[in-house]
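**Student:** Got a structure for you, questions after.
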């Protein structure tokens, strides 16, 4: 009998599976709603709000939806389905699932390292959102004018050349007569800036001039970072049993705010101009002939669904064995993409109003990332009646979106540790969660110094970009070619029942050919551009540190492979064959689901029929294809 015993502090010794769970050792989602809301919350991240709308505008407006949804069909849905099925079949996290191909277990470790590093990034973004949400609880908004915190370069009239798109980091140096303005790099205090820009740099971030000048800790951000860690710890104290209840609010509230902002936005003057630039009459179909557009569509689908982050596998591992993950995959992936499109309408309608007020073209107020979330959009909201209300709603939405992604990232870490060391951590999930969030808080302190924004940008550039392509490529090749796509289909049919050849034809085409080719093509056209922030280049040691972050994520793939080859017995070919064959532990978690295919006697005989290491020298047998 599994009972929940919690200490006075709520972090003591307990086990969180419930009596009604199918898997009473690991636990399951309380119901299907909690799982779907958690998956939607994890998928719908900041990129849906501050990256997709800009990419659509940049790549032809409405025309961009054609490659975007094509990549969803060809790459996003198949890979998401693959990861969901993997986690659900073995009921294990992203490290232990590679018992299917022990040689590639380093891929699983790499995905956990991605979640570890990205969690530092997300924790900081949540801290930014908390600070701005609290700062919005006053009237007038503190960035609505050049108040006492501003310097002589603050200009509320916006008559200087202001290009939020990033071509001119120091707007006061721009030439108003030029269509494409540029300006010389100089100290950040030189040049005219809007109040929102100065508030972001001088008050919120207290930004230093470069990564070389770390400066002191910005204490209001450090306290917000601490509050973020406390919120995440409280939500995950009982694992999915507690986070599953929290997502009823955090996964649905962003939609309420998006709809409210959209309804308000479309009623403003200039809103139609913004929407036209988004996916309206300003759409440019000729953009479809450019390879860059298709690359942006593929990468946006890839990153927005959090493929290779480990979260999809981890959250799916708590499903009941016979859950229909095909239906779930379609619901989550389509909802994620629809959210991106909907958020774009809300963003561009208000940016259109902002352009109308400043009497500027819409393309001069459009930006992405931090510039959109903490400069352009707050500026636009400050021009609305009852501006504190709209501002609080917007930053509270960013907070909930960030929290859902952070929940998934933390769960990846704690689940992987619990699965690897069940005797140590299974009864101490609360303490493990607390230790994880405390560790991430300490790692996040450099991100809330005066040079913190440079650290955040560095993490985003090296840990949240094309490194994921490498992990995804190993993942799909490992499953489809090494383990065997047909074998994996048989595994899935144990969960969802026998399906026709026609049903699997599309999935086979994607897993064996289309998705690996798309990943390879994306990888071939990716070019490294040294990161900058606000026009400030990174020092050589900063770039070297970024490459070290990337190496820290990927090094586990060769290290684990070499280690296992050394520990195995036999000739090199025999070791390779042995490590490319599923281990004895690769099977459904519960005996009742293993059937004849994974019964102990049959499975051991299949793995080593002669009770020796005399095996076929072919590493990948044709039966796996």
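Note that Cβ sites are derived from N, Cα and C of the backbone, with glycine treated the same way.
Just lifted these from TrEMBL, have a look:
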TRANSMEM  35-52  transmembrane segment
BINDING   41, 43, 48, 304, 336, 404, 405  Na(+) 1 binding site
BINDING   44  Na(+) 2 binding site
TRANSMEM  64-82  transmembrane segment
TRANSMEM  103-134  transmembrane segment
DISULFID  146-154  disulfide bond
TRANSMEM  217-237  transmembrane segment
TRANSMEM  246-266  transmembrane segment
TRANSMEM  301-318  transmembrane segment
TRANSMEM  330-351  transmembrane segment
TRANSMEM  389-410  transmembrane segment
TRANSMEM  431-456  transmembrane segment
TRANSMEM  462-484  transmembrane segment
TRANSMEM  505-529  transmembrane segment
TRANSMEM  541-566  transmembrane segment
**Student:** By Cβ distance under 8 Å, which residues at least 6 away from the ends of the transmembrane segment (217-237) in the same chain are close to it?
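**Tutor:** Contacts of the transmembrane segment (217-237) (Cβ under 8 Å, skipping residues fewer than 6 from its ends): 10-11, 123-124, 126-128, 130-131, 134, 204-206, 243, 246, 403, 406-407, 410-411, 414, 429-430, 433-434, 437-438, 440-441, 444-445, 447-450, 452.
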**Student:** Just to confirm: which same-chain residues, 6+ apart in sequence, have a Cβ under 8 Å from the Cβ of residue 304 (Na(+) 1 binding site)?
**Tutor:** 43, 44, 45, 47, 48, 51, 52, 336, 337, 340
**Student:** I want to check the contact list for residue 154 (disulfide bond): same chain, sequence separation of six or more, C-beta distance under 8 angstroms. What comes out?
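**Tutor:** When sequence neighbours closer than 6 are ignored, residue 154 (disulfide bond) has 146, 192, 193, 194, 195, 198 within Cβ distance under 8 Å.
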**Student:** Which one is it: of the recorded positions 43, 44, 146, which Cβ has the fewest other Cβ atoms within 10 Å in this structure?
**Tutor:** 146
**Student:** For residue 404 (Na(+) 1 binding site), just count the other CB atoms lying within 10 A of its CB, please.
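**Tutor:** By my count, 27.
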**Student:** How about the transmembrane segment (431-456) and the transmembrane segment (35-52): do they have 3 or more C-beta pairs under 8 A, pairs 6 or more apart in sequence?
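**Tutor:** Taking Cβ pairs at least 6 residues apart, the transmembrane segment (35-52) and the transmembrane segment (431-456) are not in contact, as fewer than 3 fall under 8 Å.
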**Student:** Short question: which residues 6 or more past the ends of the transmembrane segment (103-134) have a Cβ under 8 Å from it?
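**Tutor:** Same-chain residues near the transmembrane segment (103-134) but 6 or more away: 46, 93-97, 204, 220-221, 224-225, 227-229, 231-232, 308-311, 313, 374, 378, 391-392, 395-396, 398-399, 402-403, 405-406, 408-410, 412-413, 416, 440-441, 443-444, 447-448, 452, 456, 459-460, 463-464, 467-468, 471, 474-475, 478, 482, 549, 552-554, 556-561, 564-565, 576, 579-580.
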**Student:** Does the transmembrane segment (462-484) come near the transmembrane segment (301-318), with 3+ Cβ pairs under 8 Å (pairs 6 or more apart)?
**Tutor:** yes
**Student:** May I ask for the residues of the chain that lie six or more residues beyond the transmembrane segment (64-82) and have a Cβ under 8 Å from a Cβ within it?
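**Tutor:** Hits for the transmembrane segment (64-82): 55-56, 279, 287-288, 293-294, 296-298, 300-302, 305, 307, 312, 325-326, 329-330, 332-334, 337, 341, 472, 475-476, 479, 507, 510-511, 514-515, 518-519.
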**Student:** Among 35-52, 246-266, 330-351, 541-566, which stretch has the most Cβ pairs under 8 Å to the transmembrane segment (301-318)?
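**Tutor:** The listed stretch sharing the most Cβ pairs with the transmembrane segment (301-318) is 35-52.
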**Student:** If you skip the near sequence neighbours and keep only those at least six away, which residues in the chain come within under 8 angstroms of residue 41 (Na(+) 1 binding site), Cβ to Cβ?
**Tutor:** 247, 250, 251, 401, 404, 405, 407, 408
**Student:** What else in the chain is close to the transmembrane segment (389-410), if you only count residues 6 or more beyond its ends and a Cβ gap under 8 Å?
**Tutor:** 38, 41-42, 44-46, 48-49, 115-116, 118-119, 122-123, 125-126, 129-130, 132-133, 136-137, 141, 228, 231-232, 235-236, 243, 246-247, 249-251, 253-254, 257-258, 260-261, 264, 306, 309, 311, 314-315, 373, 377-378, 381-382, 433, 436-437, 440
**Student:** Let's check the environment of residue 48 (Na(+) 1 binding site): how many other CB atoms sit within 10 Å of its CB?
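**Tutor:** Residue 48 (Na(+) 1 binding site) is surrounded by 24 other Cβ atoms within 10 Å.
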**Student:** Are there at least 3 C-beta pairs under 8 angstroms linking the transmembrane segment (330-351) and the transmembrane segment (35-52), leaving out pairs fewer than 6 apart in sequence?
**Tutor:** yes
**Student:** For a quick check of packing: other C-beta atoms within 10 Å of the C-beta of residue 336 (Na(+) 1 binding site), how many?
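**Tutor:** Here the count is 24.
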**Student:** Using the recorded Na(+) 1 site (41, 43, 48, 304, 336, 404, 405) as reference, state which further residues of the same chain have their Cβ within 8 Å of the centre of those residues' Cβ atoms, listed in sequence order.
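**Tutor:** Checked against the 8 Å cutoff, the neighbours are 40, 42, 44, 45, 47, 306, 339, 401.
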**Student:** Inside 10 Å of the Cβ of residue 405 (Na(+) 1 binding site), count up the other Cβ atoms and send me the figure.
**Tutor:** 25
